[in-house]
Amino acid sequence: MLTVEDLDVYYGAVHALKGVTLKADAGEIVTLIGANGAGKTTLLRTISGLVPPRAGRVTFEGRDITRMPAHEIVGLGVSQSPEGRLVFANLTVEDNLDLGAYRRKDRAAIKSDADAVYRLFQRLLERRRQTAGTLSGGEQQMLAIGRALMSRPRLLLLDEPSLGLAPLLVREIFRTIQEINRGGVTVLLVEQNAHMALSVAGRGYVLETGRVQLEDAAARLLVNDEVRKAYLGG
Amino acid sequence: MTEFLQQLVNGITWGSVYALIALGYTMVYGILRLINFAHGDVYMLGAFFGFYIARLTGAANDPNPLRAAGVLLLSMLGCGIVGFVIERFAYKPVRKSSRLAALITAIGVSLLLENGGMLLFGADPKFFPQIIPSANVPLGMGVSISNQQIIILAVSVALMLGLRFVVLKTRVGKAMRAVSYSHTAAALMGISVDRIITFTFVLGSMLAAAAGVLVALQNPKIEPYMGIMPGLKAFVAAVLGGIGNIPGAVLGGLVMGIAEVMVVGYLSPTWRDAIAFVLLIVILLVRPQGLLGQPPAEKV
Ligand SMILES: Nc1ncnc2c1ncn2[C@@H]1O[C@H](COP(=O)(O)OP(=O)(O)OP(=O)(O)O)[C@@H](O)[C@H]1O
Ligand SMILES: [Mg+2]
């Protein structure tokens with residue numbers, strides 16, 4: 001469904017991704033773990049068309065999207081909940097979800113999709129007329145994910161959805177991610193919480209300073225010595 | 001009292017013109033964090049477009065409201081195109097560069113429009129034709145309003161309500177608010193950020209054109225440098241209201257217009273231009289985010 005081949009990305013002189021190759025098959029949850037500054041966000045930004053790569057190729061459902069503008073990539077069915085959430089702080093929860101469906105015209109279906117998001121995240125329902133800036137961090141994360149679902153993606157990119165959340169909420173978010181995936185959405189999950197990420201994912205990649213160091217079934221990465229040492233606290 | 005009320009009527013009229021221009025500054029700033037210094041010159045072009053259109057269409061010789069409306073709309077259209085061209089060929093190429101580059105570009109465009117105007121229209125002032133027969137309408141208590149003032153007010157209010165509708169109720173308006181919050185987040189919603197920026201420039205330029213034509217109804221003398229002062233003052237009005245804030249631009253414009261008229265009426269006409277800068281200094285000292293602006297949010 002998604003393939004990334006030999007991707008090279010630079011920020012000025014900083015070589016952020018060095019020949020990254022990975023893929024996600026339809027229906028999978030794939031996770032990408034790695035330390036701060038490894039290039040995880042950069043990879044998601046490049047897939048979404050926010051950063052132009054210097055070399056390499058990104059395809060989605062067989063289509064080359066490497067240099068496609070970001071807003072068109074959303075239209076193809078790739079959606080992202082970005083690092084830092086970036087919810088529209090001055091707009092209500094409702095308006096945020098509405099913007100997630102910006103490219104769609106089917107009013108009735110948009111409405112029922114918003115209802116589906118409220119079922120997924122019930123706290124958002126009570127706060128639908130509240131501005132997003134007044135939500136708690138966890139609620140903002142839910143909104144960011146819900147908003148990303150509003151474009152009806154077939155591939156969902158999640159950048160550290162558990163960041164800054166209390167353990168109970170982290171569990172809830174990961175359960176919801178699995179639920180979304182069961183609904184037929186392929187998920188590429190970037191996480192620092194390697195343990196949780198590898199428990200919900202089928203496969204995983206380990207990114208170190210811009211390079212894929214390891215790739216394997218998530219279950220095997222969970223017991224891999226190097227991974228345990230570096231990302232699972234021994 | 002009569003005198004005061006009369007000044008107030010004049011001030012509100014004048015202020016609504018500042019508000020129209022200030023809206024363009026504030027919208028572009030909201031979306032690009034760019035101060036479009038050429039905006040006052042687009043207002044000048046609006047007056048000149050109106051001048052030539054009135055001549056070409058015969059509105060100059062046959063004053064009637066329908067033709068006058070045509071002049072207004074065509075001039076707005078012309079400036080909309082100018083706004084499009086300025087954005088596309090001057091600002092867009094430097095959008096990814098530094099803020100300083102954008103600022104220098106803005107000043108360059110401004111100089112280009114002023115001197116291009118000199119070249120095209122000549123240095124001698126032109127006189128805007130009377131496209132509406134003038135008349136005075138008494139308001140009671142000795143206060144009166146000219147029908148030109150009524151038109152200025154009515155058209156400004158209608159345009160502002162229209163803008164309010166676009167920004168708050170339409171899809172493109174929602175996209176504008178999204179882009180002004182974050183280009184990245186907006187793009188991830190599937191919004192074409194480039195297209196929204198273009199739209200914003202066109203919209204702002206059209207409002208400035210309307211202001212140019214409306215002012216020329218009352219002060220028919222037009223010349224290529226006529227945009228500098230009103231542009232500067234409208235910019236101050238935008239800062240006064242809180243730059244980036246649309247209701248703020250309207251409020252700032254009104255305060256500016258009223259202040260200016262009152263200063264001329266009660267203090268001295270020589271203070272006419274100074275008051276804008278007094279207001280600017282005061283607001284920057286007392287409430288730098290502007291009357292309706294939010295204090296800069298703490299970044300977490
Ligand atoms: N806009 C930018 N300009 C310059 N360098 C950047 C920029 N964004 C990221 N980088 C650099 O690129 C590298 C990869 O950054 P990236 O944000 O992709 O890492 P990450 O794996 O997401 O890290 P984290 O876990 O902290 O979010 C880092 O060295 C970072 O400093
Ligand atoms: Mg990151």
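Each Cβ is built from the backbone N, Cα and C atoms, and glycine gets one as well.
These come from TrEMBL:
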{"type": "TRANSMEM", "residues": "B:12-35", "note": "transmembrane segment"}
{"type": "TRANSMEM", "residues": "B:42-60", "note": "transmembrane segment"}
{"type": "TRANSMEM", "residues": "B:66-86", "note": "transmembrane segment"}
{"type": "TRANSMEM", "residues": "B:98-121", "note": "transmembrane segment"}
{"type": "TRANSMEM", "residues": "B:150-167", "note": "transmembrane segment"}
{"type": "TRANSMEM", "residues": "B:196-217", "note": "transmembrane segment"}
{"type": "TRANSMEM", "residues": "B:237-267", "note": "transmembrane segment"}
{"type": "TRANSMEM", "residues": "B:274-292", "note": "transmembrane segment"}
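Counted over residue pairs 6 or more apart, the CB atoms of the transmembrane segment (B:196-217) and the transmembrane segment (B:150-167) come under 8 Å in at least three pairs, which marks the two as touching. The highest tally of CB pairs under 8 A with the transmembrane segment (B:12-35), across B:66-86, B:98-121, B:150-167, B:237-267, B:274-292, is held by B:237-267. Only residues 6 or more beyond the boundaries of the transmembrane segment (B:237-267), in the same chain, are considered here, and those with a CB under 8 A from a CB of the stretch are 3, 7-8, 10-23, 25-27, 29-30, 160, 163-164, 167, 180, 275-276, 279-280, 283-284, 289-294. Sequence-distant contacts of the transmembrane segment (B:274-292) (same chain, six or more residues past either end, CB-CB distance under 8 Å): 232-233, 236, 239-243, 245, 247-248, 251-252, 255-256, 259-260, 263.
Outside the transmembrane segment (B:98-121), and at least 6 residues removed from its termini, the chain residues within Cβ reach (under 8 Å) are 32-38, 40-42, 44-45, 48, 86, 90-91, 223-225, 227-228.
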